[in-house]
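In what follows, a structure is listed as structure tokens, so that the remarks can point back to it.
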Amino acid sequence: MNILKKVWPYSGLPKEIYILFFARVINSMGNFVFPFLVFFLTEKIGLSESRVGFYRMIAAMVSVPGTILGGFLSDYVERKKIFIVSQALAAIFIIPCAFLGDSIFVAYLLIIATFFGGAAPPANSAMITDLTNQKNRKQAYALLYLGINIGFAIGPLIAGFLYNNYLKLLFLGDAITTFISLILVAIFVKDTKPTKNEIEESYNLNNEEKSEKGNVLVVFLKRPSLLAFSAISIIISFVYAQSDFGIPLQIKEIFGYKGPKYYGVIMTTNALVVVGFTTIVINITKKIRPVVNIMIALILYAIGFGMIYFIHDFYMFIFSTVIWSIGEIIAATNSGVYIANHTPMSHRGRFNSILPLIIGSGRALSPVVMGLFIEIYGIRMIWPVIFILSLFAIFLMYNLYLFEKNN
């Protein structure tokens, strides 16, 4: 058994985690519509780039109240029901798109689907936290992260074929895979919402997962470590956003018309590294505290993104991608664990709706801020800035580590 755990660190997890893993693989594999949404709206419906940007902005804005509502309800209603109903409603609104051709109503329906889809992640994250403890949580998050990336590595290939040949199946396939994943959850995953007795007993816990009374803001402010971690994570998401903003622009500037092709190779490299190295990385880092792992991830970001300033050869871009992709694995599998370990049992749904919005603001702001920076100083100069921001985040995370160690 010990040998198995060394080779396969995901053994011994609750069976519901394995079901959620397969559900994520299926759901991510069938995520056909949104990766090709820009192509569909411009080529099939004929919208301008600015109009497409407007609809994407509206969809992003609409998902926010959906996320907040899903998190709030998850603390008062069965989490499993919230997850299944919201995902199912999102899929239902995608189905008519298969029969509307090039109607603008496709965009409207997808915006509605985005609202309901936004309500699912907080419930799902709360379920994962309920099913795990601080000893096995890191392995569980890593397995589920691996499931998402396995699905995303396969899904776009299928979606590209469907988009060019069977457009109706692009929408129907997305909805069908969602329903298949939900059937797995409905049958094999119990509801995980803590009972009133469990919440009452958790008031006596001697860790950050003990229940609290009060609204989200009051409870959040009682957790200075989580508050600091969230602020630092805004910088981390700002830095990582260059993987799909700064890098394609840099490649386009260096390689010209070959840029899109080369960027596709970089994204494939990223997917292969994530799928191929997640288990290895987890085996190496599973006994290290999450906050220390995040520092390691930031060091890899600093090196992987920072070295792009000096790169002119495409193979060095591949090398850079391998480095920051390993950082992505470490950051993605430890961030959720840290949040879960510092979230009160009584507020898991609400914390899992608010915190991703706070942290995600860094990724949302990054293209705007760095876009303005590029117009003044040029694309190449963003990499020293990203390097310095990574070092600054390491400094802040190290101080958080010292604060926790002393307290």
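Each residue's number is its place along the chain shown, starting with 1.
In case you wondered, yes, glycine gets a Cβ from its N, Cα and C as well.
Some features that TrEMBL has for this protein:
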type     : residues : note
DOMAIN   : 16-407   : domain 'Major facilitator superfamily (MFS) profile'
TRANSMEM : 21-41    : transmembrane segment
TRANSMEM : 53-73    : transmembrane segment
TRANSMEM : 82-101   : transmembrane segment
TRANSMEM : 107-128  : transmembrane segment
TRANSMEM : 140-163  : transmembrane segment
TRANSMEM : 169-189  : transmembrane segment
TRANSMEM : 225-242  : transmembrane segment
TRANSMEM : 262-284  : transmembrane segment
TRANSMEM : 291-311  : transmembrane segment
TRANSMEM : 317-341  : transmembrane segment
TRANSMEM : 353-376  : transmembrane segment
TRANSMEM : 382-403  : transmembrane segment
What stretch of 53-73, 107-128, 225-242, 291-311, 317-341 shows the most Cβ pairs under 8 Å to the transmembrane segment (353-376)? 225-242
Could you tell me the mean pLDDT the prediction assigns to the domain 'Major facilitator superfamily (MFS) profile' (16-407)? 93
Give residue numbers and ranges for long-range contacts of the transmembrane segment (291-311): same chain, 6 or more residues beyond its ends, CB-CB under 8 A. 229, 236, 239-240, 242, 246-247, 250, 285, 317, 320-328, 330-331, 333-335, 338, 380-381, 383-384, 386-387, 390-391, 393-394, 397-398, 400-401, 404
Could you check if the transmembrane segment (169-189) is in contact with the transmembrane segment (317-341), meaning 3+ Cβ pairs under 8 Å among residue pairs at least 6 apart in sequence? no
At a C-beta cut-off of under 8 Å, are there same-chain residues at least 6 beyond the transmembrane segment (82-101) that contact it? List them, or none. 27, 33, 66, 70, 73-74, 109-110, 112-114, 116-120, 123-124, 127, 167-172, 174-175, 178-179, 181-182, 185-186, 349
Same-chain Cβ contacts of the transmembrane segment (225-242) under 8 Å, 6 or more residues past its ends? 208, 291, 294, 297-298, 301, 305, 324, 328, 331, 335, 338-339, 342-343, 355, 358-363, 365-367, 369-370, 382, 386, 389-390, 392-393, 396-397, 400, 403-404
Sequence-distant residues near the transmembrane segment (317-341) by C-beta distance (under 8 Å, 6 or more away from its ends) are 125, 128-129, 132, 134, 137-138, 141-142, 145, 207-209, 226, 229, 233, 236, 240, 243, 247, 251, 262, 265-266, 269-270, 273-274, 277-278, 281-282, 285, 290-291, 293-294, 296-301, 303-305, 307-308, 311, 348, 351-352, 355, 359
Beyond the flanks of the transmembrane segment (140-163) by 6 or more, those residues with Cβ under 8 Å of it: 9-10, 13-14, 17-18, 20-33, 35-36, 39-40, 128, 131-132, 169-170, 173, 271-272, 274-275, 278-279, 282, 329, 332-334, 336-337, 340
Positions on the same chain near the transmembrane segment (107-128), where near means CB under 8 A and six or more residues out: 16-17, 20, 33-34, 37, 41, 45, 47, 55, 58-60, 62-67, 69-71, 73-75, 79-80, 82-83, 86-87, 89-91, 93-94, 96-97, 100, 140-141, 144, 189, 192-193, 336, 340, 348-350, 352-353, 356
